[in-house]
Amino acid sequence: MSAENTTGRSALTPFTIVAGIIVIIGLILTGLRFMGGLGAVTNLDNNNPWGIWISFDLLCGVALAAGGYTTTAACYLFGIKRYHSAVRPALITAFLGYALVVFALHYDLGRPLRLPYPIFVSQGTSSLLFEVGLCVFIYLSVLFVEFTPIAFEWLGMKKLRNIVHGWTIPLTVMGVVLSTMHQSSLGALYLIAPNKLHPLWYSTYLPLFFFISSMFAGMSMVLFESSLAHKNFHHLMDETHKAESEGVALGFAKACSWIMMGYIGIKFLGIALENKWAWLGTGYGMWFLVELVGFVLMPAISYAIGYRDRNFGLIKITALWTVLGIVLNRFNVSQVAFNWKLPAAERYFPSMAEIGISIFVVTIGILAYRFIVTRMPVFYEHPDYKGEH
Amino acid sequence: MNRRKFLGLVGATAAVAAAGTSAHAAGNTHFTGHPEANAVLFDATECIGCRKCEDACNKVNELPKPDKPFDDLTVLDTKRRTTEKIYTVVNKYENSKNPNLPVFRKNQCNHCQEPACASACFVKAFKKTPEGAVVYDESLCVGCRYCMIACPWSIPAYEYDEPLTPRVMKCTMCHPRILEGKLPGCVEICPKEALKFGKRDELIKFARNRIEAYPDRYLDHIYGENEMGGTNWLYISGVPFGELGLEEGLGVTSAPELTSGALAAVPVVTGLWPVLLTGLYAIHKTREKIEKKEKDDAVSAALTKAASEAEAKLSSELEKADVANKRKIEVEVKKAVEEALLPKDDDDAPEEEA
């Protein structure tokens, strides 16, 4: 990738070759999936109806795209103006993240063409999945509108850009409201199955856990993504972006550290309230502690140290660490601790094709991200709109 | 976007969210099931594992023929579950009371009074009928399989090999037959009368009487009377229900109640968040304004001060200049007078002296 930084436009780089191969494999798997049904490509069965397309593409995808609402809220609603240069990269990540969630859902649904049914044909309002679907649908629209000024600036459509730019505050408020609801509802999906989810992960607080963890998930993803962007797209960034990025890193590291500490607190509150201490002594208890201590408490401390010492290397590593922790948590809830009573032979493990589709989806995201940031004013201010916050 | 438009949008979102909560089953009334609902009572002490019910189910529902015929009882040696091609299965279990006599249990959809699948379905493809059955409408199903996640007994199965029109498959309690006044296929065929069909209320009374009449034969519990809010398939048994592969410790809370709290949070969030966030925004905006005003005031105060100081200085300078001028004039005048008087100096001197 470093070669392409200097050459800029050459088409055949190691990156594009690998991406091309993944896309071709992805298209083949897509064909297999829609010709032969879910059974042809997945290891799903009647006991395990949800595999990694839900665990990774949906649950992790939505959590990691939470940077959109956290960053815009910090900048516009809480008035932390020095985060402004982080807003556009976060919005791009969120918009692409949600778009890919919806895209990936087409693979998992038995009848993907009926995706609009819950909203437009028959509303199952008692379902938490309905809430998730409705919120994701509206929020994706909100993110799209929030994204359009970037495209309008690129296309030179000043009038439209200025109109949409005026909607910033209401859109941000809607973004936070919708995110609160669907982030928490993803956790609440599992409230209906108390006998299938392990007691350490099952809690009436599940919606709260998912919502709070989405905050530090989103911010960590912004930090992680920005550290990658600084490596690959540094030449695109203007002075404001470069000057502000350290402040963003410090601010987010501090915020994450606090929120993660609070998260650990209510996690234990959940254990205490439902008196599940005894479970901590079991094998699943060890795994629970690995998740909570190894992937929440330790990164929280690491963030705090990174903030205190202004150690940006440590903050970057911690961001990745936290992102992995979120992925671990979502997998634990939806796979590892789910169906825990089933004998090992009846448990699910993803097939190569399922993993392949997930990699394909992520690759499409990276390609779309590159397309946007190399063309549109994301890391820099468009000269026509300088200083218009 | 102007304020009115924005408020309208927020209102619309809230309305959608509120509509979302009005429909859920767990309100402040306790739902005890439809009064005329039918049920089936399974007696584990009667079942002999003949698989006739499986056969009848297969015929009535026109399901594909299995690999092994229904009179082949060796299939009982492995544990089976319901699938998209088999709506009901009989499994064999060890008898803890009498090791020489295995027990059998028929498994199928339990037709919950407040079904988890119906509560979970985001397109209302599942419906609880007043007659007792939980039925599925494939014309609405999107194929998300959340019903399968939600079902406490893992009953619904899915046509994974169907590329275009996969369906969720499960026992229908022979709903079409019930509407015709017929018995469910399995009940009709059972040679041991291990299955009994009737009104749910009456079956519960019947089961209680039986348990009372034969206390040595039965455990004092009707499985399904209260489990997960109650089901329309009921079980009585001589061995603990856990040994029959029926989940124990499910609790009596119905599925809709389990999620009602989370759904109730929706109006709170849609109501509270916009107000709170707009408030926060207003606060920081006002603070910015105040800061700006304070700054402006300070600047203008400083300017005024500087101006008045400058004026004072000017006037004092002017005054000084005036004084100096006067003095200069005086001096000049004096000088002039002196000069004018100078030639007469000699004359004057005496005069002056004089």
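Including glycine, each Cβ sits where the backbone N, Cα and C put it.
As written in TrEMBL, here are the features:
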TRANSMEM  A:12-32  transmembrane segment
TRANSMEM  A:52-78  transmembrane segment
TRANSMEM  A:90-107  transmembrane segment
TRANSMEM  A:127-155  transmembrane segment
TRANSMEM  A:167-193  transmembrane segment
TRANSMEM  A:205-226  transmembrane segment
TRANSMEM  A:247-266  transmembrane segment
TRANSMEM  A:286-306  transmembrane segment
TRANSMEM  A:313-331  transmembrane segment
TRANSMEM  A:351-372  transmembrane segment
Open item on the list: As a test: from A:52-78, A:90-107, A:167-193, A:286-306, pick the stretch that has the greatest number of Cβ pairs under 8 Å with the transmembrane segment (A:313-331).
Closed with: A:286-306
Open item on the list: Before we move on, state whether the transmembrane segment (A:52-78) and the transmembrane segment (A:205-226) share at least 3 Cβ pairs under 8 Å, counting only pairs 6 or more apart in sequence.
Closed with: yes
- [ ] Could you tell me what the rest of the chain brings near the transmembrane segment (A:286-306), counting residues at least six beyond its ends with Cβ under 8 Å?
- [x] 200-201, 253-254, 256-257, 260-261, 263-264, 267, 279-280, 312, 314-315, 317-318, 321-322, 324-325, 328-329, 332, 336
Task: Cβ contacts the transmembrane segment (A:205-226)/the transmembrane segment (A:12-32), at least three under 8 Å, sequence gap 6 or more - done: no
- [ ] May I ask for the residues of the chain that lie six or more residues beyond the transmembrane segment (A:12-32) and have a Cβ under 8 Å from a Cβ within it?
- [x] 1, 3-4, 40-41, 107, 353, 356-357, 359-361, 363-364, 366-367
Task: Sequence-remote partners of the transmembrane segment (A:90-107) [C-beta within less than 8 Å, at least six residues beyond its ends] - done: 30, 33, 53, 57-58, 61-62, 64-72, 115, 136, 139-140, 143-144, 146-147, 150, 218, 221-222, 225, 357-358, 361-362, 364-365, 368-369, 372-373, 378
